[in-house]
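Here's what TrEMBL has on this protein:
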- 19-505: domain 'Major facilitator superfamily (MFS) profile' (DOMAIN)
- 57-78: transmembrane segment (TRANSMEM)
- 85-104: transmembrane segment (TRANSMEM)
- 110-133: transmembrane segment (TRANSMEM)
- 145-171: transmembrane segment (TRANSMEM)
- 177-197: transmembrane segment (TRANSMEM)
- 209-226: transmembrane segment (TRANSMEM)
- 232-252: transmembrane segment (TRANSMEM)
- 273-294: transmembrane segment (TRANSMEM)
- 306-326: transmembrane segment (TRANSMEM)
- 338-356: transmembrane segment (TRANSMEM)
- 410-427: transmembrane segment (TRANSMEM)
- 477-500: transmembrane segment (TRANSMEM)
- 507-545: region 'Disordered' (REGION)
- 534-545: compositional bias 'Basic residues' (COMPBIAS)
Amino acid sequence: MSTPSTRDRRELSPRHLTLLLALMCAGLALTIAANVSLNVALPLFGTALGATQSQLSWVMNAYTLPFAALLLPAGAIADRMGLRYAVSVGLAIFGVTSFASAFADDAGLVIALRVVSALGATLVLPATLSVLTRAFPADKRAKAVGIWAAVSGSGAVLGLVLGGVFVMFFWWGSVLASTGIAAVVVAIASFLIVPTYRRETDERLDVQGSVLFALALGLLVFGLIQGPELGWGSWVIVGSFVGGAALMVAFVRAQLRTPAPLLDVQLFRSSSLSVASLTIVLLFAATIGLFLLLPQMLQNVRDYTPLFSALGLVPLPVGIAVGSQIAERTQGRLGERAAVAGGVAVSAAALAWLGLQAQYGPYWALGLALLIFGIGFGLSTTVATTMIIDSVPGDDNSTAAALNDALREVGAALGIALLGTVLNAAYRAQVANLEGGFDQTVSAAVRDGFGPAAQVASSIGEPGTELLVLVRDAFYVGYQASVFTAAATLVVAGVVAVVAGRGAGAGVPGTRGSTGAEVLHGLPSETGMSVRPAARHRGASTPRH
């Protein structure tokens, strides 16, 4: 079994650590904000390039789908190529293709460039967290991970705000152009400042496992993305779920047989890893779903502009920042599972209050609910992220980080699909009684959604004014149903965290909780990170400058 060298244990200077933290958070924010910010520009993009509705959908999906599917293999590749190169090369690819997309004159070309951008981002996202867990000493690591988690949760709001600003003053491509320039700058700085942190090993990359996992997760995420559009009973969607599940089973079986697996699936016997994984999925399902719903509600119901609807979400990242910074202290006092359950409970209560608010209630109530939700989210995701990192052997930092990131993407896809479906179902149930009072064209527009209904309402004179009020009421009912559904998903996560924690190494207050490998093998290392038995051991990581 190899051990870290003295260079592995050498602490970087406080200034170096601060620069690393700033760069890694900048890279993280860019890869997350890029997709969300473009969402604000889609209407202008469609007009400028004559894109169809299907092309508009795939401008977003072309980034989301490969990003989710390839995160875990990308984490293993990042460890082998060295984290300095993973971050800098990944950001360079992401930046150049984003900048090129801004000046493309064809929707198909933009979609193709978005796929390549996602490939670069898959190298960046797990590597940013892995750099922090390797660079920061144990007594400072939790705070660094907390800041990373806060940026991860806040990146979408940042993207909405920046997207609104750029679209207001510039052309649709300005969102991508500015992102691309910033990414290249961060790539150069990362190459100069980030240690190599390459894991020296003679083991080959688990190509079979990488392909199986990418295909399995890709099919499952495709089903979640396209389900609301094609219909959940469509043979394409059913086939994608069945195929994805079958490939995931094949992936698990392959991982159990190989001596050097992409992911040691036996680690999921640990309740720490299982609880943390489920928590991350459900929290991001609720949160990203909220990012989808709230701007629509503020614009459709309360008549906010796109920019002001994005600014209306600002209390959320403020709360996330607060929650992430109190996470270490809360975990020390309560234990990891109690901290996760407490944070989830706070977020669920905030969502319930949000759903109960009046349709035209004061903004301060909505803003306060978002602030409270963010505190619970920041607390629980920071602790859950730490649990995932601690549950995977210390020399597999990038694999652990990639697993954490893949879970977030699955949660995001699940939340958008689930909450979007609930909103549409509740909305259509509300407008069902309205359709009979109008001709077939108006009724079809009302049934299709708020946007088409609002367009038709503006063209039919006085009856349209009344119709618009009724459609707004129906949309708000759908919004409330979706918010309550999001709250229910968090209640499930909280119950699982509490029940799974009983008698299962729940983490002693003031100490680090048991890691997954410790539960399996009972062998903690000197640094507190778990180690595998020799037969499945990975090579040690050596920082090079």
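Cβ atoms are placed via backbone N, Cα and C, with glycine included.
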Request  = Give residue numbers and ranges for long-range contacts of the transmembrane segment (232-252): same chain, 6 or more residues beyond its ends, CB-CB under 8 A.
outcome  = 209, 212-213, 215-220, 222-223, 226, 265, 421
Query = Would the transmembrane segment (273-294) and the transmembrane segment (145-171) count as touching if the test is at least 3 Cβ pairs under 8 Å, pairs 6 or more apart?
reply = yes
Inquiry  = Please identify the stretch among 57-78, 110-133, 177-197, 306-326, 338-356 with the greatest number of Cβ pairs below 8 Å relative to the transmembrane segment (145-171).
reply    = 306-326
Task = Could you tell me what the rest of the chain brings near the transmembrane segment (338-356), counting residues at least six beyond its ends with Cβ under 8 Å?
result = 275-276, 279, 282-283, 286, 290, 323, 327, 330-331, 366, 369-370, 372-373, 375-381, 383-384, 387, 480, 483-484, 486-487, 490-491, 493-494, 497-498, 501, 506
Query = What stretch, picked from 57-78, 110-133, 410-427, has the most CB pairs under 8 A with the transmembrane segment (85-104)?
reply = 110-133
Task = Among 57-78, 177-197, 306-326, point out the range having the most Cβ pairs under 8 angstroms from the transmembrane segment (410-427).
result = 57-78
Note = Counting only residues at least 6 beyond its ends, the same-chain positions whose CB falls under 8 A of a CB in the transmembrane segment (177-197) are 12, 16, 19-20, 23, 26-27, 30, 33-34, 37, 82-85, 87-92, 94-103, 130-131, 134-135, 162, 166, 541-545
Key: Sequence-remote partners of the transmembrane segment (110-133) [C-beta within less than 8 Å, at least six residues beyond its ends]   = 20-21, 24-25, 27-28, 31, 34, 45, 49, 55, 58-59, 62-67, 70-71, 74-75, 77-79, 83, 86-87, 89-95, 97-98, 100-101, 104, 141, 144-145, 148, 194-195, 197, 385, 389, 397-402, 404-405
Key: Mean of pLDDT values spanning the domain 'Major facilitator superfamily (MFS) profile' (19-505)   = 79
